[in-house]
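Before any comments, here is the structure.
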Amino acid sequence: PPPGWVSIGRVGPTESLSLTFALRQQNLQQLQKLVQDVSDPGSPRYVGGLHRFPRASSLQQRPGPKLDLEESLSLHMGVTPAVIRERYNLTAQDVGSGSPNNSQACAQFLEQYFHDADLEEFMKLFGKSFPHKNSVSRVVGQQGHGRAGLEASLDVQYLMSAGANISTWVYSSPGRHESQEPFLQWLLLLSNESSLPLVHTVSYGDDEDSLSTAYLHRVNSELMKAAARGLTLLFASGDSGAGCFSGPKGHLFRPSFPASSPYVTTVGGTSFRNPFMVTEEIVDYISGGGFSNIFPRPQYQDEAVSHFLGSSTHLPPSSYYNASGRAYPDVAALSDGYWVVSNHVPIPWVSGTSASTPVFGGLLSLVNEQRLLNGRPPLGFLNPRLYSMQGRGLFDVTQGCHEACLDEEVQGQGFCSKPGWDPVTGWGTPNYPALLKALLDP
Ligand SMILES: *[C@@H]1O[C@H](CO)[C@@H](O)[C@H](O)[C@H]1NC(C)=O
Ligand SMILES: *[C@@H]1O[C@H](CO)[C@@H](O)[C@H](O)[C@H]1NC(C)=O
């Protein structure tokens, strides 16, 4: 078993176990070429396990910092939609205007359900300053009737207040697949539908090393298909920094999947420099980031990653990571100190890249709205365009490092942010008016 797991004996003969059988995909190189063509803004075309172990949910409530009462004028008491909209320069007019073909979705797993009543209460408390919807347009799959989950509540509430007044769907894939998220099941559901939301956010992930290589490649092929269809898929980068794997040969950083897929846009996390004020952002030390051990570095990020590796003065020892792998995250947003309403209770200090991901996704839906109004196709797979923008439209996050192995060699520190792209906060956080400008043309 992987580190931290102990075999406690044979499984009883009556225990049931679900297995996945999937057909090996053919002609993937042609698909790869198609994704390149449809996602490159310069291109003239637009087409329209048995060995896996669960990972505990990483979304957490961190204790808030102590408030210095002398500073208590013009302070906020945690991140709310108003704080998000202020920091990212959204006006009350930056909302969906009812474009019929625009919609967004978040995917829920691990028996996480949202409650309509929580969304209503959240909007009553925090949605006064901007037009928004008070209910989800469609739930695909089964919504259980149990207690609301914090993750599901957070995703729905922030997707719908960043991508405000945009029709929102929730994909609900309950049940476990070999004890983890049934990502493949969800992706096959998407592949089976002809008309579906343009932007999907997913705040779930697993350690790459906990999944079989065959499964990783099979899920990656589905992600590639979604990119070829022009869908924008965002994944949280994870909440353990560079992560840590304690193997027989010592420590390694531990990448997260699907964050490490080259066909998704991965979102890291930041904090305000002053936690109680709307200030510039610094690294949130939990922000997941690093290099895939499975997927090689895609061409679109070659220059950015080479530049980072070539110009960093404090890189961790090279034995800890695979410098030639797909590097992530691609972008970031605030991930620290959110208010969420769950089971009728407003809960403060909810933190994680689970929060930054729906926020970034909602903003991309607002960009799609403007693109559609201007007769342009939706953004589709963002990364080739994003890397060609070289940080235009984003606030560069240049201060702070994320966490990693607590050993003598790296002493708890993974990578550090610096000007330009870095594997902690990607290209940075959205400055909406500038991002819209950069993403409107061509
Ligand atoms: C919000 O969306 C609805 C359609 O769902 C539209 O009729 C309304 O005008 C939009 N509100 C704003 C302020 O654009
Ligand atoms: C795919 O869609 C068809 C038609 O709606 C439905 O009958 C079928 O069950 C779906 N398959 C999956 C795997 O969702």
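The chain as shown is numbered from 1 upward.
Glycine too: its Cβ is placed from the backbone N, Cα and C atoms.
On a predicted model such as this, the values are computed, not experimentally measured, just so you know.
According to TrEMBL, the protein carries these features:
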{"type": "ACT_SITE", "residues": "GLU151", "note": "active site, charge relay system"}
{"type": "ACT_SITE", "residues": "ASP155", "note": "active site, charge relay system"}
{"type": "ACT_SITE", "residues": "SER354", "note": "active site, charge relay system"}
{"type": "BINDING", "residues": "ASP396, VAL397, GLY420, ASP422", "note": "Ca(2+) binding site"}
{"type": "DOMAIN", "residues": "78-442", "note": "domain 'Peptidase S53'"}
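Distribution of TrEMBL features across the structure.
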{"residue": "GLU151", "record": "active site, charge relay system", "Cβ within 10 Å": "27"}
{"residue": "ASP155", "record": "active site, charge relay system", "Cβ within 10 Å": "31"}
{"residue": "SER354", "record": "active site, charge relay system", "Cβ within 10 Å": "29"}
{"residue": "ASP396", "record": "Ca(2+) binding site", "Cβ within 10 Å": "19"}
{"residue": "VAL397", "record": "Ca(2+) binding site", "Cβ within 10 Å": "28"}
{"residue": "GLY420", "record": "Ca(2+) binding site", "Cβ within 10 Å": "15"}
{"residue": "ASP422", "record": "Ca(2+) binding site", "Cβ within 10 Å": "29"}
Binding-site residues clustered about SER354 (active site, charge relay system) [Cα within 10 Å; pool: ASP396, VAL397, GLY420, ASP422]: none
Non-site residues, in chain order, whose CB comes within 8 A of the mean position of the CB atoms of ASP396, VAL397, GLY420, ASP422 at Ca(2+): GLY391, THR398, SER417, LYS418, PRO419, TRP421, THR425, GLY426, TRP427, GLY428
ASP396 (Ca(2+) binding site) in three-state DSSP notation: coil
Per DSSP, three-state class assigned to GLY420 (Ca(2+) binding site): coil
Alpha-carbon distance [ASP155 (active site, charge relay system); GLY420 (Ca(2+) binding site)] in Å: 28
Across the domain 'Peptidase S53' (78-442), average pLDDT on the 0 to 100 scale: 94
ASP422 (Ca(2+) binding site) and ASP155 (active site, charge relay system), Cα-Cα, nearest whole angstrom: 25
Alpha-carbon spacing, ASP422 (Ca(2+) binding site) to GLU151 (active site, charge relay system), which is rounded to whole Å: 27
